[in-house]
Amino acid sequence: MSRSAHPAGPRHADVLPEGHYSAPPTDLNALDPKVWAETVTRTESGAVSVGGLDVTRLAEEFGTPAYFVDETDFRARARAWRTAFGHDADVFYAGKAFLSRAVVRWLYEEGLNLDVCSGGELTTALSAGMPADRIAFHGNNKSEAEITRAVEAGVGRIVLDSFQEIVRVAHIAQGLGRRQRVQIRVTVGVEAHTHEFIATAHEDQKFGIALAGGRAAEAVRRALSLDGLELVGIHSHIGSQIFDMAGFEVAARRVVSLLAQVRDEHGVELPEIDLGGGLGIAYTSDDDPREPHEIAKALGEIVTRECEAARLRTPRISVEPGRAIVGPTAFTLYEVGTVKPLEGLRTYVSVDGGMSDNIRTALYDAEYSVALVSRTSDAEPMLVRVVGKHCESGDIVVKDAFLPADLATGDLIAVPATGAYCRSMASNYNHALRPPVVAVRDGEARVIVRRETEDDLLRLDVG
Ligand code: LLP
């Protein structure tokens, strides 16, 4: 796949390749439950509602663009993961997908743990009351200050990403009179079937220590020899938006073979294995994600089988889903501005946000769906590209979609499945003000991350 499907230029895809987009849906007013949050539905008035609240009312109260997260759905998905993995396994929500203090509290209440990968995420987690021992700290270049804070706070585990870090964490922990629980992140040589930018377990990338060439075994030897560290397990994360369990199977097999090697060489059976996150969600009706209980069963079986073959006690498994929990629970609400038909090509629909609130289309060539949500329409489908208001022609939110031909300025449209990696990767490009995140539940809406203001921009600009 090309790394840059939309080279910045005056026009994109001016010749529509055959089969590039699917046929128009039979009912443009239908909302596919695969891509919309659980409580999203159409009301009698024709407008869409979430958590019992009409989007037209939400737009009036909170403005657009805005992200609306269905708290009921978030909690249900978190609980489904927790229940699927049961008491013998741990679920660490990957905070990078989207983190706020409200979310941390939901996770805490639903019995999940939390994976953080920066000092900022750690601060958010701790300030919302997540117990430190339920936090895992990740990152390929943690600073001394971050490591110190994590050790002092008493995080449940630090995931070591390099030989340098093994020594650094040991030194800091020892200096603080602590013995820090750690895992070692290994790269298992699996290239998950996904976009190149987000595949992480093949060798030529920045994360982890390779199993190949005995590097990971050497890392284990060093970690075991250092007083400041308590090595509890091995970590692997093979990529993102993965549907095929085969990659996890190979990863689990290779991690277990390292555990067997460690047992043979050091007489130690490491008690934990973390298989990371990366489970795919439905962005469009063409995607078919697996349910948490299927994933839990598949992973549990793979690890148990491999451990039996290696005559190892089955370690405690953990996973780190981010997108699979938060992704489907939110949508972005936009107001339609300019509608520009390009004869023989498509209609460009400009919205009041864009690549500053969803960079994924530009960055990964990601696919999204979109619907008219402020009313229904019986008009014919028209092929559209939903674009933002930024000064850049790659500023595309939804590449190819169908909306009713009577779409007009002032209509509200929504892009589903934007809960993960949209607000968390949002930027101030063109001095855009990052949209709020509004949690909706049982007829009530509350802002959990407020909209940025021009005062916020000026406060950072110290003149
Ligand atoms: N664990 C580790 C160690 C990770 O690096 C990640 C994601 C996860 C868990 C969670 O992965 P998830 O289940 O959310 O796919 N910005 C990209 C995704 C980058 C993910 C980086 N690491 C995107 O928008 O697709």
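Cβ atoms are placed via backbone N, Cα and C, with glycine included.
The annotation active site, proton donor is assigned in TrEMBL to Cys391. The Cβ of Cys391 (active site, proton donor) lies under 8 Å from the Cβ of Asn430, each of which sits 6+ residues away along the same chain. Secondary structure at Cys391 (active site, proton donor), as computed by DSSP, is coil.
As annotated by TrEMBL, pyridoxal 5'-phosphate binding site applies to Gly278, Glu320, Pro321, Gly322, Arg323, Tyr421. Cβ neighbours within 10 Å of Glu320 (pyridoxal 5'-phosphate binding site), excluding its own Cβ and spanning all shown chains: 27.
According to TrEMBL, the feature substrate binding site maps to Arg323, Arg360, Tyr364, Glu392, Tyr421. Neighbour density for Tyr421 (pyridoxal 5'-phosphate binding site): within 10 A of its CB lie 24 other CB atoms from the protein chains shown.
Residues or ranges marked as domain 'Orn/DAP/Arg decarboxylase 2 N-terminal' by TrEMBL: 73-327. When pLDDT is averaged over the domain 'Orn/DAP/Arg decarboxylase 2 N-terminal' (73-327), the result is 94.
Residues or ranges marked as domain 'Orn/DAP/Arg decarboxylase 2 C-terminal' in TrEMBL: 332-419.
Marked as N6-(pyridoxal phosphate)lysine by TrEMBL: Lys96. Listed in sequence order, Asp115, Cys117, Glu121, Gly322, Tyr421, Ser424 are the same-chain residues at least 6 apart in sequence whose CB falls under 8 Å from the CB of Lys96 (N6-(pyridoxal phosphate)lysine).
According to TrEMBL, the region 'Disordered' annotation covers 1-23.
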Notebook entry, point to check: Restricting the comparison to the binding-site residues Arg360, Tyr364, Glu392, which residue's C-alpha is spatially nearest the C-alpha of Arg323 (pyridoxal 5'-phosphate binding site)?
Noted result: Arg360
Check: Ranking the binding-site residues Arg323, Arg360 by other Cβ atoms within 10 Å, which is at the bottom?
Finding: Arg360
Margin query: Using the alpha carbons only, what distance in Å do you get between Arg360 (substrate binding site) and Gly278 (pyridoxal 5'-phosphate binding site) once rounded?
Written below: 15
Checklist line | DSSP state at Tyr364 (substrate binding site), helix/strand/coil | finding: helix
Next item on the list: In whole Å, note down how far the CA of Tyr364 (substrate binding site) lies from the CA of Pro321 (pyridoxal 5'-phosphate binding site).
Entry: 19
Next item on the list: Pick the one among the binding-site residues Gly278, Pro321, Gly322 whose Cβ has the fewest other Cβ atoms within 10 Å in this structure.
Entry: Gly322
Notebook entry, point to check: Including all protein chains shown, what's the count of other C-beta atoms within 10 A of the C-beta of Glu392 (substrate binding site)?
Noted result: 15
